[in-house]
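Engineer: Quick one: the structure is below, and I'll ask about it shortly.
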Amino acid sequence: MGSGASRLTAPKVIYLLINGNIERILITLSCSSCELHNLICILSNVSKTSNVFITDVNGLHIPCSGSMLANTYNTPYTVTVKPSSESSEISLIAKMFESLTNQINDTMKTAELKNELIDRIQLLEQRLIVECDRYNELDQIKKEIQELRIQLHEKKTAFSNSSMGRPYLGNIRLSNDGVKILELQNLPVFEKYTLTQSTIDFLKKPTFDIWHWEPNEMLALLEHMYNELGVVEEFNINPLTLKRWLLSIQANYRNNPFHNFRHCFCVAQMMYGILYLCGLNNDFSREELGILLTAAVCHDLDHPGYSNSYQINARTELAIRYNDISPLENHHCAVAFSILNYPELNIFANVSQEVFRRVRQGMTSLILSTDMARHGEILETMRRHLEEGFSMNKKEHRETFKMVLIKCCDISNEVRPLSVSEPWVDCLLEEYFNQSDREKLEGLPVAPFMDREKVTKPSAQIGFIKFVLIPMFQTVASVYPIIDELMVTQLKSALERYEKMLAEEEDMKRNSHLNETD
């Protein structure tokens, strides 16, 4: 009896994963299942009548009793708590178990009955395990149904997005890192377009209508930008390599509602337009112009259509790979340089190691700056430079200005005329709604501005224009006043339009409510 008593009182360390947090508890073999159940309910902040299920790292059920084996911090038992109403059978057994443990507490004073009581507990636990296995099977079926719904949703989304035409890209192979690479045999080249002077001039303006161009035409316009800015000459780019590279860039943009190849073209065209509008084509070196334009082209490569917040909350491969730090932007950079890693696609193949180092550093800095999580930090740095006395001759000022510039281009849709900007809002909301629908299916947090049940077009845009776009473009206008005249004015006009639209929506809701009460 002495050794048995020692065994009953020796403490064991148990690690439990409860609501995403790892809790450390000490129990002994004499600890009753009721006491352990109540402790877990307290740690889970639920009613003691709730059902508690414990599984190990392999998904196997662990009895909720003092007989559970000790584990480590890296192999915690997972605790799942369900309201008692979800399973009447399990609830009934749990109540029986609780009643029996109360009897155990009363009779434990008689040492001779310990072994008999332990046997009875083990029998009851075995019965509980059988019932829990049934419940786990049902839970697994629910998860499989949920996965099928998600797959069906993704296929439906992909089908609806396939309407955005793509030129024939020939044979495409996937590299080991998932990058789409064009086969060199029978390499297609997009048609050579002869651009009119009016198109060439219009391409340099922020009012350029990006909806009127087919993918082949957008590729030709991008090729023109590289030649017009002197980037082809500066980097000694082979014309055929430029065509191959542009086709591979297009192949590595997905058919998302918003983050697609047309968005890539839109951002690159706005960069091109602002460079000429502000005379930056003369202020920046041709090397800098090439870095700015190429970063704009590559800034959303292989965007999956789900934001950084989704990547982090869903613990996706990208979030794990980049430690939750700008997973998408890091991925865009990685894909960009994976493409350039192929000699037949490397538009910088003819530059020195030192020039390529500057290109890589510059592009990486610019693409990473498009993460909106860094918006406040970058804008505050720019404002500090303005207070110090901004000068393009100061390297830090110059680099910060470039980051603000690509950020402006990335979210510049409302700078364009209404007929151009408004369809982009619909595309963005569609992508947001796709994400929030998936987050709801997977039980992940949903941002209110992405929830189709909470957001409307004006409510989505008013705060964004007022607190993000206008302050940022006004900062650029402090250096180049023409931005205020042509872009800030347009943003203020868009803000007034959406505020009026929101007021009309609220009036309609109010009138509808009055009609219902009448």
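Backbone N, Cα and C atoms are what each Cβ position is placed from, and that goes for glycine too.
Annotations per TrEMBL:
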DOMAIN    183-505  domain 'PDEase'
ACT_SITE  His259  active site, proton donor
BINDING   His259, Asn260, Phe261, Arg262, His263, Asp300, Asp410, Gln461  AMP binding site
BINDING   His263, His299, Asp300, Asp410  Zn(2+) 1 binding site
BINDING   Asp300  Zn(2+) 2 binding site
COILED    488-515  coiled coil
Engineer: Taking the Cα atoms as reference points, how far is His263 (AMP binding site) from His299 (Zn(2+) 1 binding site) in Å?
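Structural biologist: Per the Cα atoms, His263 (AMP binding site) and His299 (Zn(2+) 1 binding site) stand 10 Å apart.
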Engineer: Do any residues, 6 or more residues outside the coiled coil (488-515), come within under 8 Å Cβ-to-Cβ of it, and if so which ones?
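Structural biologist: The answer is 414-418, 421, 456-459, 461-462, 465-466, 469-470, 473-474, 477.
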Engineer: Over the residue list His259, Asn260, Phe261, Arg262, His263, Asp300, Asp410, Gln461, recorded for AMP, what is the maximum interresidue Cα distance in Å?
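Structural biologist: Maximum Cα-Cα distance: 23 Å.
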Engineer: Looking at the binding-site residues Asn260, Gln461, which sits with the largest number of other Cβ atoms within 10 Å of its Cβ?
Structural biologist: Gln461
Engineer: Rounded to the nearest angstrom, how far is the Cα of His299 (Zn(2+) 1 binding site) from the Cα of Arg262 (AMP binding site)?
Structural biologist: 13
Engineer: Near His299 (Zn(2+) 1 binding site), which residues of its chain come within a Cβ-Cβ distance under 8 Å, counting only those 6 or more away in sequence?
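Structural biologist: Long-range Cβ contacts: Cys264, Val267, Glu329, His332, Leu366, Ile367, Thr370, Ile406, Asp410.
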Engineer: Count, for each of the recorded positions His259, Arg262, His263, the other C-beta atoms lying within 10 angstroms of its own C-beta, and report the residue with the smallest count.
Structural biologist: Arg262
Engineer: Between Asp300, Asp410, which of the binding-site residues has the fewest other CB atoms within 10 angstroms in the structure shown?
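Structural biologist: Selected from the binding-site residues Asp300, Asp410 on minimum Cβ neighbours within 10 Å: Asp410.
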Engineer: Determine which residues of this chain, when His263, His299, Asp300, Asp410 are set aside, have a Cβ within 8 Å of the centroid of the Zn(2+) 1 site's Cβ atoms, and list them as they appear in the sequence.
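Structural biologist: Result: His259, Cys264, Val267, Ala296, His303, Thr370.
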